[in-house]
Amino acid sequence: MYKTSIRGKLIEGDKSLAQISTDILAPIDAKTPKWWYVAMTVSLAMFGWGLYCKYITLSQGIGTWGVNNTVGWGWAIINFVWWIGIGHAGTAFSIFLLILRQKWRTAINRAAEAMTVVAVACAGLFPLLHMGRPWLFFFVFPYPNTRGPLWVNFNSPLFWDFVAISAYLLISASFWYFGMVPDFATIRDTTKSKIKKAVYGFFAFGWVGSSKEWLRFEALSFVLGGIAAVLVVSVHSIVSTDFAVSVEPGWHTTIFPPYFVVGAIFSGFAMVLTLVTLMRKLYKMNDFITDSHVDAVCRILIFISLIMGTAYLTEIFIAWYSGSEYEMFTFFHNRITGEYAFQFWAMFTCNALVPQLFWFKSVRSRLWVVFIISILINIGMWYERFNIVITSLTKNYLPASWAGYSPSIIEIGFFIGTLGMFSAGVLLFFRYIPMIAVSEVKSIAKFNEEIQPNEDH
Amino acid sequence: MIEEKFVIPKKLKLATYVLIAIGLVSFGWGFVTDPQRSWANYLLNNYLFVSLAVGAAFFISIQYIAQAGWSAAFKRIPEAMAAYLPFAAVFFLLLLFGVHSLYEWSHAEELAHDHLIQHKSPYLNVPFWGIRILLFFGLWILLTKWMRKISLKEDREGGMRYFYQSEHLSKVFIFIVAVSFSAFSVDMLMSLQVHWFSTIFAAKMFISAFLHGAAVITLIVIILHKYGYLQVLNRSHLHDFTRYMFMLSIVWGYFTFSQFMLIWYGNIPEETSYYVHRWHGPFQILFYVSIILNWFIPFLFLMPRSNSRSKLAMVPVIILLIIGQYVELYYEIWPATLHEAKFGLLEIGSWLGFAGLFSLIVITYLAKANLVPKNHPYLEESIHHHF
């Protein structure tokens, strides 16, 4: 039973099912807007610069980066963790909210899933290039080889990483794609262009929407969703063990796996919010992405931000409580104060304090404020990874080996390249794929009627 | 609206009195023969039942924050469990008398020569420890009582006003409980091994409280249903209760593994001391037993859909979870205080005593208000819940 008088409407404007299809699919058949070309050009320019930096890295080596013997992990690993984190939102939205029966997720999950696939692809580039000799990438596969006893190190989290991330990419891409099949079929059936009919028809796998197909479709989503839910937790837990299994001060701490998972979902949701506010503004999807959608995402963000804040405080408290001078040095002299204080406080402010503004309804209902805060969270989460990676590495046990770190122009360019790749991917998604899952939105359309009778069991 | 009043059966009331008497006798006998062991029992049971109460209060808050509709009809059960908090506060203050039997950091002679204890003494000292107990319980009691009051007002007057107030209070409550319960578990349990530390410990104990709180809520709901109350309960509700236990037991297993694996992998003496001390004899067995009871069995048995909707499958799992919580706390406290695994009538009797008192309080508070909240806006949704 769903009472709209209490719960509010999921779709505004009393739409019929046909109208829902037309409204959501409109941008695909419409003429490409001017801003799209502008944004695409900028994205491709960024992407191009990234390509150039990759070329330099490949042709001249890792020496072109700012990393050194002490700080062996620089921006590359920060960006890797950051992108992977963002890539968690799609699954978090699709699966966790599905399990929690949050009907409003249907308007947003497609965008979140699309974002996941692009973000994970961006993330994968960093470890690949950081290898120094990426053409020997296949060495990480555990396959029988002629290199003698040299074998992948099953004790190494870097190998676990490889397994977890490739599995995650595979599953989330399939999940995203199979979810789109019914919508592709809708486009195939409604479009007037012959080319589009052929292309979307090809991708629709001959979907006709029979009840048998729907049954299989739902069973498949359930199975893929179940696997992806586990992967979301495992991927970022394993990313955290890249750090936590070492004995570096500031890295070796037992809270890392859940703390990373929560952080990932936090940054992912923030990025979803960024995208969704853009979608709403640029494509006028107000009827589907309503104020209460934005409100709900904001509420989730406060909750997660509280967890993040508690985790930061726990870490700081235990650093003192442990009595370990190295931990205390790392936290109190190298993070909270000292050379990297700015990065620490940027992280703390953006992740733990600023989202608290969402407690106020007036903040949650102002789209531009929400947009700005979502960007700040993304920045804050980037600084969190900076904090973890750089502060622990620059100054650890042996003062003689302390070193500074600043990124070279090549590293920065590489990162900007992935930003371009991400926004280009998102723009293509806006243009060629139904950005809201039409069939899923239709499934909640019935909740707009006043009362749903239900048999009791 | 459903008028449903819980009437306390005379036999049940008598049974709780008997249990309390057993508890009193056990503690009386225990404090004469073996005070330290009795204090360990006292701490364990106090902590166990307070985590159930806090877990229950957290359950209510989560329902409000997530705007969950299905659980509205069962709200009175966690409310009654949270009513245990004021009594727990008194018990915890009495623990001040036992602080020297349990906590190494409270010994002046240890403080004099142990640098680590000296380092921690600004936080770990008896007066501040007592102040923290007062502060935490003060906040928890204030908020849970307030929420209960609003909930009863909603019964009488109705309207959306009290619903929004409850939602608001829930936000404040989780905000406070996240920090305070974390510190509380550090104070009560982690500081038993004063040299040891783990950042995930507090989070793990928090999840444990939520998991076992949810399990006990479910058990009470099932029992009430069996005796003719709460007839709105259907299989979909059971499934949702199961989901809480299922999900939380996975999180519990995840946190436990995370702590163990990282400490094992890091292999630093400061951290491994905790497990080394517990890696022999009965404690080593308990390590596995705790994982089997709290994670493995709920995970495996509650996975099939048919089991998650069947009281017959759920009740045994809940009982194992209740034992699991005892084992988990025993595994924390005994190696750190008594250094050997003593278990006998004293342990059983003191647990029964606390269980009796807890049950008495819960049934008293259940009888005080209508068993199904009358004007909860989601009540209709909860009654017709089906998926």
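A Cβ is built for glycine as well, from the same backbone N, Cα and C atoms used for every other residue.
Automatic, uncurated: that is what TrEMBL annotation is.
Per TrEMBL, the features are as follows:
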type	residues	note
TRANSMEM	B:12-32	transmembrane segment
TRANSMEM	B:47-70	transmembrane segment
TRANSMEM	B:82-103	transmembrane segment
TRANSMEM	B:123-143	transmembrane segment
TRANSMEM	B:172-194	transmembrane segment
TRANSMEM	B:200-224	transmembrane segment
TRANSMEM	B:244-265	transmembrane segment
TRANSMEM	B:285-303	transmembrane segment
TRANSMEM	B:312-331	transmembrane segment
TRANSMEM	B:343-367	transmembrane segment
Cβ pairs under 8 Å between the transmembrane segment (B:244-265) and the transmembrane segment (B:82-103), at least three: no
Non-local residues, at least 6 beyond the ends, that sit with Cβ under 8 Å of the transmembrane segment (B:343-367): 5-8, 12-13, 15-27, 29-30, 34, 37-38, 41-42, 45-46, 48-49, 52, 76-77, 79-81, 83-84, 87, 220, 224, 326, 330
Result, the transmembrane segment (B:312-331) in contact with the transmembrane segment (B:47-70) (3+ CB pairs under 8 Å): yes
For the transmembrane segment (B:312-331): best-contacting stretch of B:82-103, B:123-143, B:172-194, B:200-224, by Cβ pairs under 8 Å: B:200-224
Remote residues contacting the transmembrane segment (B:200-224) - C-beta distance under 8 A, at least 6 residues beyond either end: 6, 51-56, 58-59, 74, 77-78, 81, 178, 181-183, 185-186, 189-190, 230, 233, 237-238, 241-242, 244-245, 248-249, 251-252, 255-256, 258-259, 294, 311, 314-315, 317-319, 321-322, 324-325, 328, 362, 366, 371
